[in-house]
Amino acid sequence: MAHPSQLGFQDAASPVMEELLHFHDHALMVVLLISAFVLYIIVAMISTKLTNKYVLDSQEIEIIWTVLPAVILILIALPSLRILYLMDEINSPLLTIKAVGHQWYWSYEYTDYEDLGFDSYMIPTQDLLPGQFRLLEADHRMVIPVEAPIRVLVSADDVLHSWAVPSLGIKMDAVPGRLNQTAFIATRPGIFYGQCSEICGANHSFMPIVVEAVPLEHFENWSSRMLEDA
């Protein structure tokens, strides 16, 4: 969960998000070094009148400032491609959940069970309990087991939506008539919040996503209770 005045990302709760954080730090360091170098050159050119003919007209300098940016781009592109393949990899998911976006709420279907599904609406501000977050709490959470591969099938019923949970490193568009899929593994128990990340209409900001990661035994108890209620 983000806190006031936070500058960085939320703490990672999945291996993919950890890789994204490492890549962000790697790319940011490259950008800072380039910015500092360019700033130094600008200050040096402004503050001194000294010139050098080998700098003004040099084939070696031109080769360096052509090859060096290419090398830097490769150093950024290779880790990025690696993470893209990791995010697209889905191997033997333990659980499959279908998330469908509506105007303006989410519905979840646990397709491995026969009758396990529910709608998830935002809790109005006047109904919040102490400690709950405004605009982020939902009346039904998407409960998942910890340290288990989860596949999420994302679609929409009316307009474009986007199922996004920053702590898990997930952001998948929900397109009417199309079934997109993503996967993640929650590495620790907790409650992870997200919101629709596609401008889907007047109540776009009132359809939160709440993922609750619990131990497998607790998940089995929860699913049994939900099936009995159904």
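Here the Cβ of each residue, glycine as well, is placed from N, Cα and C on the backbone.
What TrEMBL records for this protein:
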- 1-91: domain 'Cytochrome oxidase subunit II transmembrane region profile' (DOMAIN)
- 27-51: transmembrane segment (TRANSMEM)
- 63-85: transmembrane segment (TRANSMEM)
- 92-225: domain 'Cytochrome oxidase subunit II copper A binding' (DOMAIN)
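Sequence-distant contacts of the transmembrane segment (63-85) (same chain, six or more residues past either end, CB-CB distance under 8 Å): 16, 19-20, 22-23, 26-27, 30, 34. Confidence annotation: the domain 'Cytochrome oxidase subunit II copper A binding' (92-225) carries a mean pLDDT of 93 in the model.
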